[in-house]
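The annotation substrate binding site is assigned in Swiss-Prot to 63, 279, 280, 312 on the grounds of similarity to another entry. For 65, 66, 67, 68, 106, 191, the entry in Swiss-Prot reads ATP binding site, with the evidence type similarity to another entry. The feature Mg(2+) binding site is assigned by Swiss-Prot to 256, 280. Residues or ranges marked as site 'Transition state stabilizer' in Swiss-Prot (evidence: similarity to another entry): 254.
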């Protein structure tokens, strides 16, 4: 791999970093960011105008949180997002993600809706007996997981309300668990329950989740963020529910419990991508260990070339404040340095007072973090862990990234049908943009999951005769260059590496071309395919 200014180590590269020379996003550079931004859409920004604002600030994927809201509300998010996309002059795609509620465990309803204080040392009963489901107090607390008594044991812990209350199990008698409070707190209605170091046997989808997935299929969502995944079989069950009509929807698994971390390898084999969901994960395992789990999962995703998202509390203070804490900015930057493909905003955009500012801050931080990466040793590391021999498409992707470095090319341009070639090029983390052109509109949206990819949907019909093939290829290249120029991703006269197939369809990528971006706009006009 050709060195960056003669530097071939990350530590040496770090010595050259200069805050005075750090790039600041402007109208001409804001699209240079490689890391995608996911924003959760709440009522505050669920209008075409406000969605346009956050998109212009840097959002690539919108997230619908199905733990809240009705189908009618989420339909409005989909409709407003699609209208916003239509209004964009460059037609740049924005993906839509459905985040499932998942198989949560919760306490019951308190008696008369009251809150009940408890003190450290208090002892009471946690029960799965449904007759207590709506009369909970500080003597008997119902939990809606029927198998609780059979999967846990004395000496284990139960966490209530995001870990605010810790309960130690003293003994078990049928459906009743005798527990002791380890700290002061307040018992309220319908609070979340976590069971650390316990193998929970809940199904991956509730009936509500299945209904939500059917809603997503009808509306053509691009990806599912599947909550509380614990084992590889969970992913297979979700695929069965999606069925043929939802086969093209990407399944991004959320790892947010100890089981998911322990079974990560088998889950990764089944999933299309991973979200490091640090909220619940930081309850189930010690908070001090979350960063280790994050680094492990990101590394394993990078090695196999599957997208990975880092989420939860990234700029949490910007929900209410116009500026983030320094620690939050470092958290976003370190997620990028770790190798994440996407970073996510939750309450910051869903209910926050500063949604646009939150996106702008995340976009600027990602852009700066990307400049702190020394790409040659990163490429070498990724090559070193890749088993040989490689498949043809991956061999071409490796060669394209290496050729771009040797040529000092300013972009790679990938023609892709399914997005697989773009994924493979992204896997080797080139320092330059990956302009991706595809005829599949959903593929164009899904490609945002992969770092460095700038997707464009090519709407023109395919040339079906052999003599039309090269003209069709050249037209798609011109289309990609024209759109990339419009967004200042590349400049006229720049050298680029084009990656294409030798014929149409899937699985035929085997060709590299070294091209120069035309300086005359007329050279980017699409050519007629001729008579069929």
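Glycine is treated like the rest: Cβ placed from N, Cα and C.
Since we're looking at a predicted model, the values are computed, not measured.
Overlay of Swiss-Prot feature records on the structure.
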residue : record                             : CB count, 10 Å
63      : substrate binding site             : 25
65      : ATP binding site                   : 21
66      : ATP binding site                   : 24
67      : ATP binding site                   : 11
106     : ATP binding site                   : 16
191     : ATP binding site                   : 20
254     : site 'Transition state stabilizer' : 26
256     : Mg(2+) binding site                : 26
279     : substrate binding site             : 16
280     : substrate binding site             : 23
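Long-range Cβ neighbours of residue 312 (substrate binding site) (same chain, at least 6 residues apart, Cβ-Cβ under 8 Å): 277, 278, 279, 282, 344, 346. Sequence-distant contacts (6 or more apart, same chain, Cβ under 8 Å) of residue 68 (ATP binding site) do not exist in this structure. Comparing residue 280 (substrate binding site) with residue 256 (Mg(2+) binding site), their Cα atoms are 5 Å apart once rounded.
According to DSSP, residue 254 (site 'Transition state stabilizer') sits within a strand segment.
The shortest Cα-Cα distance from residue 63 (substrate binding site) to any of the recorded positions (106, 191, 254, 256) is found for 254.
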